[in-house]
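Engineer: Handing you a structure now.
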């Protein structure tokens, strides 16, 4: 059974056909998926159980499981690298669309930040190692090794279409993917624990559920001696909590790249490389009107200022919380409204774009679309819960109106931005549109033309009766045929993609680094109760944060393809 083809490479008639070893392809995939599901359910059980005080599962149990999973994943990665190096025919094909440079670059950036986080966590647990389990200090060290080896592995092997040890490779890739998802879940739960504890401390309400497994386990072992009381310990603790967003994004980036590798196991492609796109800092703003980058940078700087003001006022005097929320919601309403209009404008421009749609099957693009649609569901859920709470609940004041407008614009922005990105990813590369506007008539009806324009017509072989033009005439003909209308459309699309990219970056920074208006604004808390609303936000918000970062990588690809 032959595999689906990427949009760039075409199936070669000389490509080897699938042998008996690939008859079990679906069975091998099913085996690897079942392995991943069972391991992931075990990890979910321990991680979720260790988050609550009333469950007799301690954080040391979670650390032991994650450490074991990372060690096994490292052993498999080393086996894969050694096997592919020693076997020349292990990777006969490489998917040109998998692992683009901006995705691998983001993986390296988030990996470096994760290493810094591991240093802070090691310093934090080493501050009171006398009463701590050794696994707490060993876990960040093993994670640092895992991050370094996995980053190198994905950098050099993300495009591989491996053809040796197919079932073992599928199981290894899926197990490594599950390990990253388990690390992601542990980081999300730990950050939610920190946010819930901060909220409970600020409101001095002991009835709220406190997810503080570290303190529980520490007090069970060594009493008050395990409390983080020194200044250095508190710096380490605050430092690694602020670096959690980078660890979360690293795990999700690695998971997406591993999934594409898993889909490419045993895949048959032509030996000719596909279209590759390079992006250099010099050409980043080339062929743009500069309106999109400039406006995006202005909103980015304004967003940073709003975020700092919000954090200072919310954590300070309680009377300034409402003012901070008004500023926060006002900025987000302006940003979401502009991005919605710009995304809609981009979709309208595509109505006049003559580039053909690319309908070839591509695992990378299929995964991008699925992640965009799936991750948006998290923010959809929060927005609809907020709409119900504002419309049905009380009071109906300025803050409630801003909250309602923010929720409605959040739904519209995700919808129109997804439409724009998905349509952009399915467009052909530049130059795929037909040249010129000559009528589609039979070749016999053409009384005069030039050879270049004639070759652009379908089913029109070069006629011997026509005189070939000179090179100068050919250049002039090409200049006449390719009108500048497509040029300004491409420049507009580049401006739109850069503007949306910068806006999504600032909309990622705010919730990723601690902005939680969902709890500062008490409308939803009073309507649903803290426990239910905290569960909704802690489950759905990580998907919304991931959506922003994944939209950034997709918009960068849209910019290159424009």
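Yeah, the Cβs are placed from backbone N, Cα and C, and that goes for glycine too.
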Engineer: In TrEMBL, one of 2-21, 62-81 is tagged transmembrane segment. Which stretch would that be?
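Structural biologist: TrEMBL lists transmembrane segment for residues 62-81.
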Engineer: Need the matching range: TrEMBL marks transmembrane segment on one of 84-100, 101-117, and I'd like to know which.
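Structural biologist: Range annotated as transmembrane segment by TrEMBL: 101-117.
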Engineer: Which of these ranges is annotated transmembrane segment in TrEMBL: 241-262, 263-284, 395-416, 417-438?
Structural biologist: 241-262
Engineer: So which of 30-50, 326-350, 370-392, 496-515 has the most C-beta pairs under 8 Å when paired with the transmembrane segment (527-547)?
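Structural biologist: The listed stretch sharing the most Cβ pairs with the transmembrane segment (527-547) is 370-392.
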Engineer: Applying the under-8 angstroms CB criterion, which one of 62-81, 241-262, 289-310, 370-392 scores highest with the transmembrane segment (101-117)?
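Structural biologist: Ranking 62-81, 241-262, 289-310, 370-392 by Cβ pairs under 8 Å to the transmembrane segment (101-117) puts 241-262 first.
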Engineer: Excluding the flanking five residues on each side, which residues at least 6 beyond the ends of the transmembrane segment (289-310) place their CB within less than 8 Å of a CB in that stretch?
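Structural biologist: Sequence-remote neighbours of the transmembrane segment (289-310) are 324-325, 327-328, 331, 334-335, 338, 342, 491-492, 494-503, 505-507, 509-510, 513, 515, 517.
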Engineer: Looking only at residues six or more beyond either end of the transmembrane segment (137-156), which have a C-beta under 8 A from one in the stretch?
Structural biologist: 63, 66-67, 70-71, 73-74, 77-78, 80-81, 99, 104, 107-108, 111, 114-115, 117-119, 121-122, 125-126, 129, 176, 179, 183, 250, 254, 257-258
Engineer: Would you kindly check 62-81, 241-262, 496-515 and say which stretch has the most C-beta pairs under 8 angstroms to the transmembrane segment (326-350)?
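Structural biologist: Looking at each of 62-81, 241-262, 496-515 in turn, the most contacts to the transmembrane segment (326-350) are made by 496-515.
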